[in-house]
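Q: First the structure, then my questions, so here it is.
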Amino acid sequence: MEDMRIATLTSGGDCPGLNAVIRGIVRTASNEFGSTVVGYQDGWEGLLGDRRVQLYDDEDIDRILLRGGTILGTGRLHPDKFKAGIDQIKANLEDAGIDALIPIGGEGTLKGAKWLSDNGIPVVGVPKTIDNDVNGTDFTFGFDTAVAVATDAVDRLHTTAESHNRVMIVEVMGRHVGWIALHAGMAGGAHYTVIPEVPFDIAEICKAMERRFQMGEKYGIIVVAEGALPREGTMELREGHIDQFGHKTFTGIGQQIADEIHVRLGHDVRTTVLGHIQRGGTPTAFDRVLATRYGVRAARACHEGSFDKVVALKGESIEMITFEEAVGTLKEVPFERWVTAQAMFG
């Protein structure tokens, strides 16, 4: 199909590489097919409120490759409000003459995209998350940048921990999966890594740290994913609360582990929570390339009429997978990967 009118939007948390996807969509649609691209602002809210801008293949689009965040803005929308607005969404897309929609987002966004597809809207999804937890794709863009940021923090904390004879805990993002923690811990030479997929025993962590000190190593680095949980009966956690989207908020698992280590071993323990710094800034070269390839493939899929699909990285190829494969389950860290990392502990 030629001369289409394609819409795109970014939803959920911001992520390095979003602008590269937008750029890939716009340049491919314009240069290869002579099509027009419209961007809805602030995610699903913008689609519901019909807040849109036309995206031109000009210098402004060319320059966004290096920028973090998203030029369209992003946000979250409660699923109930989203589903209640289906008639308005259809009307807005029809009034704007939209032939296809490319939502860019994580698991929640892709579930919303699937629901729109099930309701007759031509959709091609693009997976986005620094957590790397979308199933069916080898990597999501944003993950490499987040790992680079976390690894840099771990690298820097080695010297300060050693100078002060401290145990340093680095808490990274990862509510349900530990890909960032696993990779940053291994790349940064952490002495213990804690991930949600493997409930931890605080006694084992303490033994690993004490063993280091007994061997004459007067410091330790522990990388902890924010969603890590203790093995049942080994440590009592301070409770968080549930936010408006049904997500559990955390009271700082890194600090709770730090407090336990201090009480049990008496060592000076400090915690660094990286938080949203992992989402910001210029994307790495890997993420720019991957995000660009996602945008190009998504635009081509629209012109091929290949809807109700999600772009995905399989080996070296960008392929199309079903929404069911992408959102059916989270891509967790396999236990054997954690065992490999465990060999580097201590």
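Note that Cβ sites are derived from N, Cα and C of the backbone, with glycine treated the same way.
From Swiss-Prot, for reference:
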type	residues	note
BINDING	Gly13, Arg76, Leu77, Gly106, Glu107, Gly108, Thr109	ATP binding site
BINDING	Glu107	Mg(2+) binding site
SITE	Gly108	site 'Important for substrate specificity'
BINDING	Thr129, Ile130, Asp131, Arg166, Met173, Gly174, Arg175, Glu226, Arg270, His276, Ile277, Gln278, Arg279	substrate binding site
ACT_SITE	Asp131	active site, proton acceptor
Q: Sorry to bug you, but what's the C-alpha spacing from Asp131 (substrate binding site) to Arg76 (ATP binding site), rounded to the closest Å?
A: 17
Q: How many Å lie between the Cα of Thr129 (substrate binding site) and the Cα of Glu107 (ATP binding site)?
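A: Rounded to a whole number, the Cα-Cα distance is 8 Å.
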Q: Across the listed ATP-binding residues, Gly13, Arg76, Leu77, Gly106, Glu107, Gly108, Thr109, what is the farthest Cα to Cα distance, given in whole Å?
A: 13
Q: Could you check the binding-site residues Glu107, Asp131 and say which one's CB has the fewest neighbouring CB atoms inside 10 Å?
A: Glu107
Q: Identify which of the binding-site residues Leu77, Ile277 has its Cβ surrounded by the largest number of other Cβ atoms within 10 Å, counting every protein chain shown.
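A: Going through Leu77, Ile277 one by one, the largest Cβ count within 10 Å is at Leu77.
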Q: For the binding-site residues Thr109, Thr129, which Cβ has the most other Cβ atoms within 10 Å, all shown protein chains included?
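A: Top count of Cβ atoms within 10 Å goes to Thr109.
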Q: Which of the binding-site residues listed here (Leu77, Gly106, Glu107, Gly108, Thr109) have a Cα atom within 10 Å of the Cα of Arg279 (substrate binding site)?
A: none
Q: Near Gly13 (ATP binding site), how many other Cβ atoms are within 10 Å of its Cβ?
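A: The answer is 21 other Cβ atoms.
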Q: Measure from the Cα of Met173 (substrate binding site) to the Cα of every one of the binding-site residues Gly13, Gly106, Glu107, then give the nearest.
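A: Given the candidates Gly13, Gly106, Glu107, the nearest one is Gly13.
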Q: Want to know which binding-site residues, from Asp131, Arg175, Arg270, Ile277, are within 10 Å of Gly106 (ATP binding site) at Cα; which are they?
A: Asp131
Q: What is the Cβ neighbour count of Gly108 (ATP binding site) at a 10 Å cut-off, with all protein chains included?
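A: The answer is 21.
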Q: Please report the distance from the Cα of Thr109 (ATP binding site) to the Cα of Asp131 (substrate binding site), rounded to the nearest angstrom.
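A: Spelling it out, the Cα of Thr109 (ATP binding site) and the Cα of Asp131 (substrate binding site) are 14 Å apart.
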